[in-house]
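First comes the structure, then the notes that go with it.
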Amino acid sequence: MTPSAADPLELLEIARSIALEAGAMIVEARRGGVEVADRKSSPVDVVTQVDRDSEQLIRTRLAEARSDDGFFGEEGARDPSASGITWVVDPIDGTVNFLYGIPHYAVSIAAVEGEADPQTWRALAAVVLNPVTGELFSATEGGGARLGDAPISIRPAAPLSQSLIATGFAYAEATRAEQGAAIARLLPLVRDVRRMGTASLDLCAVACGRVDAYFERTLSPWDHAAGALIAHEAGAVVTGLDGRRPDHLMTLAAHPDSVVALEAVLRDIGA
Ligand code: 2AM
Ligand code: CA
Ligand code: CA
Ligand code: CA
């Protein structure tokens, strides 16, 4: 693999225009009604034909724009990288919201350098688009985070008792039971909890100060690739447990002054 000389701003422009095209297709497809096409890891883990169509559209457009780059998408499309850059894509993040018509889902596209592994990759550019509201979050490495054209940043650090915490629950039944118990222990300690249903937008909510922090277990690389760069560039620490980067066990995003205490509390309550 040759090292990339890609300009993060060029990558961002490509991601932005493809996300907008995919988002328009998704919103239009929903007008015709949506059905579950298949179940994945469990009966509640669903996929629609629109998830698959969105992935194919994004993959095709990326290949047209940058034929040497790799592709790594939730719905299974994989292309090897000759350039050293790989696109990590969630074609619809928040599929359950999409299915029910809750206007809170996203197209998530990140360009990373290195293997498609969050422990080692270097995120260069990222876009998270809510195609219903038109809100487009973006970031480039070292270039800050934006909502539309406006720079965004996280909220000032707050004590846990005054923190609004976003989270999500796994699809596996046993894990959900544990997570319910952990939430029961967390609720008395915090301002409140939000379960909005779209991991990428939860990370963007941290980035623009709509919540104080976010944590979720059992995420996959495409769930957090773009949102993690956006939250990081907005001033958050985005981490896994024990100094690891985000992984299947935990993705945690918070103010740098709050993250250590929050990690300790999550451990304490068994989150
Ligand atoms: P999806 O809609 O693309 O499947 C819900 O908590 C959020 O987590 C959504 O962003 C959902 O993405 C994502 N997610 C993906 N896999 C998950 C899993 N196995 N358990 C919980 N959430 C998952
Ligand atoms: Ca899914
Ligand atoms: Ca997802
Ligand atoms: Ca998805």
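If you go along the chain as it appears here, the first residue is 1 and each next one adds 1.
Quick reminder: no glycine exception, Cβ is built from N, Cα and C everywhere.
Taken from TrEMBL, the feature Mg(2+) 1 binding site applies to E74, I92, D223. Per TrEMBL, Mg(2+) 2 binding site is recorded for D90, D93.
Overlay of TrEMBL annotations on the structure.
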residue : record                : DSSP class
E74     : Mg(2+) 1 binding site : coil
D90     : Mg(2+) 2 binding site : strand
D223    : Mg(2+) 1 binding site : helix
For the binding-site residues E74, D90, D93, which Cβ has the most other Cβ atoms within 10 Å, all shown protein chains included?
D90
Nearest-integer angstrom distance between the alpha carbons (Cα) of E74 (Mg(2+) 1 binding site) and D93 (Mg(2+) 2 binding site):
9
Just how many other Cβ atoms lie inside 10 Å of the Cβ on I92 (Mg(2+) 1 binding site)?
29
Of I92, D93, D223, which binding-site residues come close to ligand 3, meaning Cβ under 6 Å from one of its atoms?
D93, D223
Count of other CB atoms lying within 10 Å of the CB belonging to D223 (Mg(2+) 1 binding site):
25
Cα distance, D223 (Mg(2+) 1 binding site) to D90 (Mg(2+) 2 binding site), nearest Å?
6
